[in-house]
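As recorded in TrEMBL, the features of this protein are as follows:
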TRANSMEM  243-265  transmembrane segment
DOMAIN    731-970  domain 'P-type ATPase C-terminal'
TRANSMEM  767-785  transmembrane segment
TRANSMEM  797-814  transmembrane segment
TRANSMEM  847-867  transmembrane segment
TRANSMEM  873-893  transmembrane segment
TRANSMEM  905-924  transmembrane segment
TRANSMEM  944-963  transmembrane segment
REGION    997-1060  region 'Disordered'
COMPBIAS  1043-1054  compositional bias 'Low complexity'
Amino acid sequence: MKLYIVELSSQELVGAIQLWSLITPVNPASTWGPLIFIFAVSASKEAWDDYHRFLSDKIANEKQVWIVKHGIKKHIQAQEIQVGNIVWLRENDEVPCDLVLLVLLIHKVFAMLRLFKCGKKWTHTLQTAALDGETDLKTRVIPSACVGIDLELLHRMKGVLECPVPDKDIRRFDANMRLFPPFIDNDVCSLTIKNTLLQSCYLRNTEWACGASVYTGNQTKLGMSRGIAEPKLTAMDAMIDKLTGAIFVFQIVVVLVLGVAGNVWKDTEARKQWYVQYPAEAPWYELLVIPLRFELLCSIMIPISIKVSLDLVKGLYAKFIEWDVEMIDQETGTASYAANTAISEDLGQVEYILTDKTGTLTDNKMIFRRCCIGSIFYGNENGDALKDAHLLSAITSGSTDVIRFLTVMAIGNTVIPVRSKAGDIVYKAQSQDEEALVIAAAKLNMVFVGKNANLLEIRFNGLTIHCQNGKIILLSKGADESILPYACAGQQTRTITEAVEHYAQLGLRTLCLAWRELEEDEYLEWLVKFKEASSVLVDREWRIAEVCQRLEHDLYILGVTAIEDRLQDGVPETIETLRKAGINFWMLTGDKQNTAIQIALSCNFISPEPKGQLLLIDGKSEEDVSRSLERVLLTMRNTTSEPKDVAFVIDGWALEIAVKHHRKDFVELAILSRTAICCRVTPSQKAQLVEILKSCDYRTLAIGDGGNDVRMIQQADIGVGISGREGLQAARAADYSIGRFRFLKRLILVHGRYSYNRRAFLSQYSFYKSLLICFIQIFFSFISGVSGTSLFNSVSLMAYNVFYTSVPVLVSVIDKDLSETSVMQHPQILFYCQAGRLLNPSTFAGWFGRSLFHAIVVFVITIHAYANEKSEMEELGMVALSGCIWLQAFVVAQETNSFTVLQHLSIWGNLVGFYVINFLFSAIPSSGMYTIMFRLCSQPSYWITMFLIVGAGMGPIFALKYYRYTYRPSKINILQQAERTGGPIVTIGNIETQPRTMEKEVSPLSITQPKNRSPVYEPLLSESPNATRRSFGPGTPLEFFQSQSRLSSSSGYSRNCKDN
């Protein structure tokens, strides 16, 4: 609301001008009073938030921590820690700053220590839930240079830590350590994130630890990540900005016209009147007096109370989401949370939903189902490889390939085994896939017992195997694209490839496992290069990856695993309902293409053949992608099938080429297709796709559950995070967090739609009531010599916007035009919100016209009723003000759809309160309103005037509403009638779409659909440009009403997009 802020600044200027007694037509309190009230409310809110932040910061800053300084161990406050200090931590302590781990206390010092010695390194565990939301424990390791240092010598340790510039990447720390003699001979020891303790993490399973502080204060990784979120501008805010600008221009024009007219009348007519008493000669600034008076009178055209009202109701909308008991995940007890209270109405205008797959559409509860080892399939018969008799027999007989396969499953991971109190082994994993593989291996008698740096302990058939000091073996696990190309020469991988495709068709997640025995010379040569790459400070991750690739060749492919990730409850129904609401869905996933397609089919993303159209865009070169993209575009342009049945599939490689070299064509494809499946995409590509849709002026919602979804969530107009098994990173970065994907239906259809409807009314009504009082002032100027005299006294003007007309509007936050049941049963009505039917220049013009009409009614009836009365101007102003209050009470009542006791009290109680307040002021001699209300209310003519104003003002409005409701009802009116009568809902036709244009300047790219096309369909994944097409006729009519494509030729739809 940038223009509103400009107007608020102009109000401050107006308040300053009112201090000039020659100009101001009213008491300066009429402007300064509301301004002070608004600033007081806003300042109180900010002060309250700042106070709570201050208390929170104070607790964190004043926390006592141990440090070692000059060989002395002492307590200091956390805020006093400096870079280079040695900080000591005990078990369960919160880490006060970013530390490089130096020493862990061993069992000879503390008998109850939970560590054990292993080779040359020491490890412990860390809980990072406060940092990344992941509840699983992480392993942290002492740098190799610090192994073996006695605690007594710690205070004499000297060295250098080479650290990168502070950043917010919590997954990366590329640094080096050099310790001076006698500890180590100045060798470089590379440091990674595994050697650090980051701020706000907690030390677990460790009695004592100490580390050197490297980042403190706002330079810690947590502090760098806190940054101020960029505010999001909703579609409604953008529209209000434009309307505010139009009213501001109108205000300036009115001031100039009346100012000129006032000066002309003064020079031609006023000086002829003896009672005016204008001086013969006036100062140079006299020409500015009348225009400035009108500027003061018209300054309330843009209501300054709207900000307080909108901030209040937006906060209530957010609370409604949090208080919704139907959006609580009963399994985990997780409630919905609104982190951003300013964009709830945008939920009702969502056009595209971009969703992650794993953990968002699925449960992220991985279950090992099938596998293929060598050329033998296991689990195909009963769907559970763990119960496959052939696999169990192969394990019993000691099959070499099977044992190797289980070994890679058990130890090729980052899983941490933890002993429970009962003595059982519990696995803590960051990756649900790895957890599923380790658990499956354990059930197949290959139990992962422990891991600590160089030592890996596994048990096979009850026998403990120590994997150390033996052969050098490379274990590899990954996607088929990254494993199969590096198979050793002569090995047949056709069966493995077929297994991968077969499992993907079943919607299972696949991983290939490989094995290679290394020669010692090869390993040692590689190790030297690996240490060099590990010690660089720039592009370390890339250099390490390059070095590791040198070992990944001649792999012996052991087999492939297949893991099931079930859909969450209610996902298919949610997607189907939201698609009926006209919302388009894109799936952005890192999974394989076939797996993603099967999940899309099972959750109603796309329809199966023959109704579905699934078009593939692939290729490894620019020419191949260009040809594929052109073919798909041609098919999309020439099809008239329902948009919900048309989708395109693209992988990350082809997407990169398409966006880089054929951006215009890809943007056109994005507009034409309502559904897309993007596979093997990176987090940056997810965010890039969101930006492409936003550049076309679509309202986007991104939903995900993991850290790889954060960029996409932050880029979208609305970000929704799911509090899932991958942690809380997505939920913390999002505007809204929910426990399950199915809650998205209620978030959009109920909360989003209600928020949009309520704010549309509140915004336009706020302008209406301000314009009404301004128009009356303007009309009065025509009978007062265009002198800028105010009809209303200062007290009335001050109370009008702040008190008299605000209370009834605030209860509109509980108004419902339809019940929640009707909204959920008929999601198509969301189109009224998506198309902006309730707030646009046309609807605003209606409210503008209503304010003008009501101002004419109030002014004409008031003037004629009291034309022959010997009344004071204060009485005339009070009659006009009373007429405004009566009209607005009936306007609010007319616009209210669902009456409750609270709404009746606010509307009619506010009307009674108006008289009570004015009776009180009329009893005060110094108020300027002494006895006025007593005299008016004792006159029958006053009440007759109120009756005439209400009848003349509301009669035509009620008549027009009755005509529209009876003879030209909207789809919402039909549903309202059905709710009130309790009758059945019959078919009520289609919602007609309206052409949308983009006001912002972008590169033109108009997309229209040709007319008179024959209905066709493309087979799923049709790769041939000459694929056979068959007609399947027009779609079946919907039971309620059809959701038409916004790109249909009948709607004349066109859209411009940025080409950047």
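Here the Cβ of each residue, glycine as well, is placed from N, Cα and C on the backbone.
Mean pLDDT of the predicted structure over the domain 'P-type ATPase C-terminal' (731-970): 89.
Distant neighbours of the transmembrane segment (944-963): 850, 853-854, 857-858, 861-862, 865-866, 879, 882-883, 886-887, 890-891, 894; these residues of the same chain sit at least 6 beyond its ends, with a Cβ under 8 Å from one of its Cβ atoms. Residues 795, 799, 803-804, 807-808, 810-811, 878, 882, 885-886, 889, 892-893, 896, 930-934, 937 of the same chain lie 6 or more positions beyond the ends of the transmembrane segment (905-924) yet place their CB under 8 Å from a CB of it.
Relative to the transmembrane segment (797-814), the listed stretch 873-893 leads the set 243-265, 767-785, 847-867, 873-893 in CB pairs under 8 A. Beyond the transmembrane segment (243-265), the same-chain residues lying 6 or more positions past its ends with a Cβ under 8 Å from any Cβ of the stretch are 1, 3-4, 6-7, 287, 290-295, 298-299, 301-302, 767, 771, 778, 781, 785-788, 841, 844.
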